[in-house]
Every structure is written in C-alpha cells, then in structure tokens.
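As recorded in Swiss-Prot, the features of this protein are as follows:
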BINDING   His113, His117, Asp310  Fe cation binding site
BINDING   Leu141, Val142, Ser143, Gly144, Gly145, Asp174, Gly187, Asn282  substrate binding site
Amino acid sequence: MKKDIIILGIESSCDDTSAAVVRNETMLSNVIAGQAVHKAYGGVVPELASRAHQQNIVPVVSEAIKRAGIRKEEIDAIAFTRGPGLLGSLLVGTSFAKGLSLSLGIPMLEVNHLHAHVLANFLREPGEESQHPSFPFLCLLVSGGNSQIILVRSPYDMEVIGQTIDDAAGEAFDKCAKVMGLGYPGGPIVNKLASEGNPDAFRFARPHVSGYDYSFSGLKTSFLYTLRDKLAEDPDFIEKNKADLCASLQHTVIDILMKKLRQAAKDHSIKQVALAGGVSANTGLRDAFHDHARRYGWTVFIPKFAYTTDNAAMVAISGYYKYLQGDFCPIDAVPFSRITV
C-alpha cells in the first residue's frame, strides 16, 4: 500500500454541506456551507435542506480540493456519510460521491455519521503531533439527536453501552431555548447565557434510569412546568431570569451526562475518555471533562471547536481507517436515515 493515502470526505446528513481532504490522519482542508434559512422556522426543514445541498455541493467540494493543494486525480477514495440523517440530504451527498467515484475511477467508502464524530478525536492539523485516545476508551457522544456512551475498542469496533431512551441532550437545550424565545439553534444561546447566570438558581427534575442510559424528557417537562408556574405570577419572569434559567438547565444536563459517564468509566476500569458531537462545543461540558480529569485521573480528549459540529473532516478520517481495512462499498450503496453505531 502506498505511504500516503488521500481521502475526500463528503458530509450532508443534515443542514451543513461539507467537504474535506485528509492525507492519512492529517486534515488538509475542511469546508462547510451552513443554511441560515432554517432559523426562521425554529428547526431544520428537510425539503429546504436537500435543495440547499444541491446548490452547495459542487462549489464546496471544489473549494476543499483547492484548499488542500491537490489535484483531484491524487484522491485515492471518496468517503461519504451514509447515515443516520435526513434522507433527502443524505441522497445529495451519496449521489455526488457516486458520480465522482465513477468519473475518477476510484472506490467509495460509506461512513457512519456517529462513528465519524467519535473519530474526530483522531484528526490532526499540519505540523501537529498525533495525540489521540488509546484503545479501549469511552466516548460521550452528545448532539441534537444522540446522547450515547460508546465503548471504543478500535476504529472498527464500537459498542453503545448507554444511550438516551427518549430525548437527546441537545434536543433538550433546543426545545427549552425555544419556549424561552431564545431562537434556533438553542444550544449555543443557552451556553452563552449560562455563563452569566447562577447554576443553582433553579432545580429541575433528574431522571432515574437504570444502567448507563439517559432520559431528558422529564427534565424538559420539569423546565416547562417551572416556566408555566412562574409566568402565572410574573409575565416578565423569563426576561428577568433567562441567564439563571439557562445556567440551571445547563448545569442539570451536564450533571446527568457526567454521572453516568463516571459510572461507566469506573465499571470498565477505563481512564481514557473522549467527547464528541455538536454539544461537545458547550464550554460547561468541556470544563466538566477537565474537572473530571483532575478529580478522577482521567486522560480526556476533546475535539477542536471546528470538529464538534457536522463536518467532512471527521468523515474523511473515518473513511481513511476503512481504506486501510479495504472496506469499500459498492456503487449501488444507498443511504439510511436510521442506523446505529
């Protein structure tokens, strides 16, 4: 096998069109085109998302290849997100990958979006030394659609040992932010306001779920009932207390996440712990990871902010590991909206 492997990654699972190029584990480019159109609707509109992907995919891929400083003929394989995600959005990336694969005569690599988030911890930028978790390690994957504790034995062997049984942590942030009138996406807004508030100002329900599983529906309901009762007494309650509400909400979510992760790490005698997914951009959660590193002797790994949300660099490095295994996919591969780790 040649020494350097160049992989083009394509990500189109939701509302971000992204393309990236990696040489082995080193990122050469990572281009992302977002879709501001969804803010007016308070959430992602699937039809609008797929149309925007069709408009963005060609210029985004072209720009990624240009920034990487390579010719398209140097690409060894194309990695694309097969799922989970919005089917219409996934179809755009999958179809483009097929066309480019046929035109260049190179293989395709189908990537699980959740695997890719985990493997974002293995990305490095030019000039950086490789610093990534040793196997086995635990990864807390938190996003708008997923809250999972994953036991990672290798890039090809991952097991979900705990997951949400209802709402995801990111979904709880978004929905609670929406009822406060804070806008979409709610997670970053809650994070910003939380830094200005008192995390002990309000107490919300904490679930009692067996094992390492999570539940956030009770917390969400408790939050809504608190607002209902307080607004009945004072119509300006949210405006007067939004920083404290956000701080208390964020503190509760993080406490729920970390309690289960602590138990999983203890039970599996693991000290290598990673964070991944869109909610990993939350500064409070990052601080909690560093605090646990000091208190419990963990070695923690947290992706740079650029690799926390959906991006093609994580797809490309996931594809790189598949390339090493010779795990190529047929040209008739189809995307799936729902697949697990």
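Just so it is clear, glycine is given a Cβ too, placed from its N, Cα and C backbone atoms.
What Swiss-Prot annotates, mapped onto the structure for a quick look.
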residue : record                 : Cβ contacts under 8 Å, 6 or more apart
His113  : Fe cation binding site : Glu11, Ser13, Thr81, Arg82, Gly83, Pro84, Gly85, Asp310, Val315
His117  : Fe cation binding site : Leu141, Ser143, Ala276, Gly277, Met314
Val142  : substrate binding site : Gln148, Ala168, Ala169, Gly170, Leu257, Leu275, Ala276, Gly277, Gly278, Val279, Ser280, Leu285
Gly144  : substrate binding site : Ala168, Gly170, Glu171, Asp174, Pro185, Gly187, Gly278, Val279
Gly145  : substrate binding site : Pro84, Ala168, Gly170, Glu171
Asn282  : substrate binding site : Gly187, Asn191, Gln250, Ile254
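Looking at the residues that bind substrate per the record, Leu141, Val142, Ser143, Gly144, Gly145, Asp174, Gly187, Asn282, the two CA atoms farthest apart are separated by 17 Å. Local packing around the Cβ, expressed as the count of other Cβ atoms within 10 angstroms, is greatest for Asp310 among the binding-site residues Asp174, Asp310. Neighbour density for Leu141 (substrate binding site): within 10 A of its CB lie 25 other CB atoms from the protein chains shown.
When secondary structure is read from DSSP and collapsed to three states, Asp310 (Fe cation binding site) falls in the coil class. Close to the recorded Fe cation site, the chain also has Glu11, Ser13, Thr81, Leu114, Ala116, Ser143, Gly277, Asn311, Met314, Val315: residues not among His113, His117, Asp310 whose Cβ is within 8 Å of the site's Cβ mean position. Neighbours of Gly187 (substrate binding site), defined as other CB atoms within 10 A of its CB across all chains, total 26.
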